[in-house]
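To keep things clear, I will list the structure first and then write my remarks on it.
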Amino acid sequence: MLKTTLAGLRAHKLRLLLTSLAITLGVGFIAGTFVLTDTIEAGFRQKFAAAADKIDVVVLPAEDGGRERQAVGADLLEKVRGVEGVADAQGVVRGTAALIGKDGKAAGDYPTSAISIPEGRLNRTEITGGAAPRSAAEAVLDENTAKTRGFAVGDRITVLDSKNVKHEFTLVGLFDVGVDQALAYSGAVGFTTGTAMKMSGEKDFRKIDVAAAEGVTAETLRASVATALGTGAQVETGAKHAEELAAANGADTKILTLGLLLFGLVAMFVAALVIYNTFNILVAQRTREMALLRCIGATRRQVFGSIVLESAVVGLISSVLGLLTGLGLGAGALAVIGRTGLDVPTGAVALAPRTVAVGMVLGIVVTVAAALLPARAATRVAPIAALRSQVEEQTFRTGVVRVAFAGLFLLAGVGATVLGVTQDPGEAALFTVMGGGALTFLAVLILGPVLVKPLSALVGWLPGRLFGVPGRLAVDNSQRNPKRSATTTVALTIGVTLMTLISVLTATLRVTYNAKLDEQFPVDYLVASQGDQGTLPRALAEDLRARPELASVVALRAASAKIGKHGEFEVGTFTAAADFTPKAATGSFGDLKPGTAALADYVVKDLKVEVGDTIAVKTTEDGTVQLKVVATFLGENALLPEVTVPEQDFDGYFGRLGDGQIIADVKDGVAEENARRAVEAAAQPYPTAKVSSSTEIRGEFDEALDMMLMIITGLLGLAILISLLGIANTLSLSVHERTRESALLRALGLTRPQLRRMLSVEALVLGVIGALVGVALGAVFGWAATTTMTTGVVFQLPVPQVLAFVALSGLAGVVAAVLPARRAARASIVGSLASG
Amino acid sequence: MTITGEVGAWNARGNAASAVVARGLTKVYGQGDAAVHALRGVDVSFETSAFTAIMGPSGSGKSTLMHCLAGLDAVSGGKVHIGDVELTGLNDKQLTLLRRERIGFIFQAFNLLPTLTAEQNIRLPLEISGRKADQDLFDRVVETVGLRDRLGHKPTELSGGQQQRVAVARALISKPQVIFADEPTGNLDSRSGAEVLSFLRTSVRELGQTIVMVTHDPVAASYADRVIFLRDGLLVSELMRPSPQSVLDTLMKLEA
Ligand SMILES: Nc1ncnc2c1ncn2[C@@H]1O[C@H](COP(=O)(O)OP(=O)(O)OP(=O)(O)O)[C@@H](O)[C@H]1O
Ligand SMILES: [Mg+2]
């Protein structure tokens, strides 16, 4: 039996390869994910380990102690330095100090980080050019910031301290931020330790790095430092600390791994469908062969075993190929990441034993599991079938069980979806809808064979009319084996459903967001301090109000305050302006008089109060004040502070704070450029004042959405590719099955192009059916999902995109049919007529 | 060589009324040592409105001859005319169109498309060539082959004999210049076989159809107006107005 199976496999190398390709791609993607993330993780670990080499012991903030004690007191440094066996100890300072760019404005969206760069062995950073800062007049910049902002060693740079006062330094060197992603993101300026503390306003250290004297081991030193400091701090060896950092970083790569694996699993599921279908067809085609085996004495179990064995061999081969593909994919992805200039450290690209194990097991198990049902069908072949001359057409009748099951799933799916949609937006609702979607999809999967006939009649109406006999025959062919057609198309449906879902989500979010922006943020310009840190002097708003190009300039200011026993809230105010009246959900902003407050809807919920109730706010200047709630508003998209009090009250409660944000409208009839120039001119004297316009915000959001859409589409592309392989596979097997039919048609006068067209139309019909079902599911569940994400959703069906999906699926089907069709058209009529 | 003499005489009668004519037809399969000479120079013509049977031992080249005559397979040498068209030198497209317009086929098995009903199968050649079916002819043909109440059935719902009758009807409906049939009764029991054969003969008599049929069966051959005999790729004998016995006798002589 083993020999028969292997001989059969060898005889059909091409078919084997096509079938394997589906699994190969799935396994390849999963293995590639592991290769990519493993390599990145290894790279990080190496760098962390290298950094730890320099440091023997680290003093960290004491564990626990709440959120307040995130720092190591500066007083501890002297204590540590006094410990026996310490060669050197340096406090690590980390805060912010905004670098001023050449345009006189603070550089970047966020202020640059300010860090301490000690001299000597304990310098954690790597100085790549020039020297480390040695005096209070010297500073260094990270390489990337220096490059983008156009600074070179020897230049003078200006940096704002925590009070926004400008200080000048000589740029004496450049350094590499290494593995620190936060520094890489914000950019960093390095000073001597004392200067770093002054500039950032930090009074304590993040940690203290300690170097051991000659002959003292890290562990001994750790013990003695720990004893000296007692419970005031946590002391660890440098090596252990590096490991912890690497592990924390690994958690980030885990999320990436999980996200990618999700797409890998979708691809594997599609691959399983393709395999299932392929084996089903193979079994159907080999009915006679199998019956013959049974006639000459093979048992059912042997027949079953031969199919399972065949699938295991296919699984094995494709898994091995998949692992190799994964290695290539991982290396490719790393190369692409390298190209984009992201500073991601990498280790050597390799297949970890875990990757090999997961890839092999997954590939083989999925293949064999997908082949089990077809193998069982094979055992049902009666020996007598060997004697039948005409291969029986597979007939399909809609079974009661099938309809009952589908109905059950559909009911549960629709029920869950309705439940999710009617729930308040939130994670629970989203998961309910997702569950509903999965159940509905199962219902469609079960019902597939029933749906194929009417759908292909619908889809095939036009081709049947356009292409004459070949068209009509093609439509007939697409219906003749509903189960096969259904499985083939469902594989495509999965990809298209997800694609449609994502495009509906992004289109809806885009429009919803813009609508909310229009409604709740009807302003043209927003001036805010860099990174929303600190405030802007009130003079800036005054200046803006004086500009003739602008209308209704509103300043918003806020402070954090405890309300009752509920914790911290953002309490703030807005300055009055002619055309600015915030919209109240309940109550009225007209009642916002001294001693009152307006609350965002979610604050109302948190505090469990309503209009007319009183809240107790703990202020800094006026003790605890009792405020009457007079209005509520939709907080999610309003710019107002979540607890809004009248302007005069705010100064009384918290003092004359600066403005957090200033919003301004362009006066009617003023040109966009002129308005922009006016706003920028007003902001120019304040380096940290960043100007953004609603068009910019919209643009950024659009860009982010487009990026997401592109990445997800790319990742889903794999599942679609696999399903197309499935279509090609099904068609080529069908073509094989219909060799004699094709020959008959050719004998009766069908030309070669007509025969090719017939198969193309069949593939087109299959592709379009799969896409139509996918588009319908995707649109419905895309809608359902958006309703669970936020309120006031403006549903959007991106019609051109959806039409493109359907058209592309049809086209892809046609492309998948090219090879099988060519083979069918090339076959000699006489030879084919003779074939069994 | 009385047999070949007869053939020569018949062919010499000229072919003014011939539907199909082959001259010096050769067919070689394979190359070099492995070459099989399936036809070694066959001269033959088939009269219009006549029913001709081709017989001969297995492997004598009957099917090959038929395929070459019908333009299903390329010839190695010689010429074939169907009516006034010479087949040799036509490309695939032209051959296909020729088959579509002028030739009907009945095969031993697998004659019908399983997805189509009997009626659709019968109309298929006309549909492919985009011609309208002559409703009178359709009714007459369907009546003749006795399929009126089976028209809506799929091939799997028909018996083997019924399937072959559908194939006959299909071949007749497009009024081809010639119908080629390769062992059309090979899979049928004698009664169904006899039915199909009488339909074929009727269509020759009443519709003036030209039919060329390959068969193994002397009884089947006896329905024809004329039987030609092949051996080792050569035309070796022929019989006019054959009876089963005379056919059998000739075969015995050939195999001796
Ligand atoms: N495709 C082919 N390749 C090689 N040889 C072939 C091929 N087709 C037929 N032959 C050979 O050509 C010769 C004639 O074959 P053909 O099928 O015409 O015989 P036949 O008279 O129809 O026989 P049968 O009565 O068994 O159907 C045989 O020797 C056969 O082996
Ligand atoms: Mg033959």
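Note: Cβ is positioned from N, Cα and C throughout, glycine not excepted.
Here is what TrEMBL says about this protein:
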type	residues	note
DOMAIN	A:17-226	domain 'MacB-like periplasmic core'
DOMAIN	A:262-381	domain 'ABC3 transporter permease C-terminal'
DOMAIN	A:485-681	domain 'MacB-like periplasmic core'
DOMAIN	A:715-828	domain 'ABC3 transporter permease C-terminal'
TRANSMEM	A:16-36	transmembrane segment
TRANSMEM	A:255-283	transmembrane segment
TRANSMEM	A:304-337	transmembrane segment
TRANSMEM	A:357-378	transmembrane segment
TRANSMEM	A:399-422	transmembrane segment
TRANSMEM	A:428-452	transmembrane segment
TRANSMEM	A:490-513	transmembrane segment
TRANSMEM	A:707-731	transmembrane segment
TRANSMEM	A:763-785	transmembrane segment
TRANSMEM	A:797-819	transmembrane segment
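Across the domain 'MacB-like periplasmic core' (A:485-681), mean pLDDT in this model comes to 84.
Between the transmembrane segment (A:797-819) and the transmembrane segment (A:428-452), fewer than three CB pairs separated by 6 or more residues in sequence fall under 8 Å, so the two stretches do not touch.
As a quick check, the transmembrane segment (A:357-378) and the transmembrane segment (A:255-283) clear the bar of 3 or more Cβ pairs under 8 A, pairs 6 or more apart, so the two touch. According to DSSP, the domain 'ABC3 transporter permease C-terminal' (A:262-381) comprises 100 helix, 0 strand, 20 coil.
Scored on C-beta pairs under 8 angstroms, the neighbour of the transmembrane segment (A:16-36) with the top count among A:255-283, A:304-337, A:707-731 is A:304-337.
The DSSP breakdown of the domain 'ABC3 transporter permease C-terminal' (A:715-828), given as helix, strand and coil counts, is 96 helix, 0 strand, 18 coil.
Of the Cβ pairs linking the transmembrane segment (A:707-731) with the transmembrane segment (A:399-422) and spaced 6 or more residues apart, fewer than 3 are under 8 Å, so the two regions do not touch. Tertiary neighbourhood of the transmembrane segment (A:255-283): same-chain residues 15, 19, 22-23, 25-27, 29-30, 33-34, 36-37, 290, 307, 310-311, 314, 362, 366-367, 369-371, 373-375, 377-378, 483-484, 487-488, 490-491, 494-495, 498, 715-716, 718-719, 722-723, 725-726, 729-730, 733-734, 737, selected by CB-CB distance under 8 Å and a gap of 6+ residues from either end.
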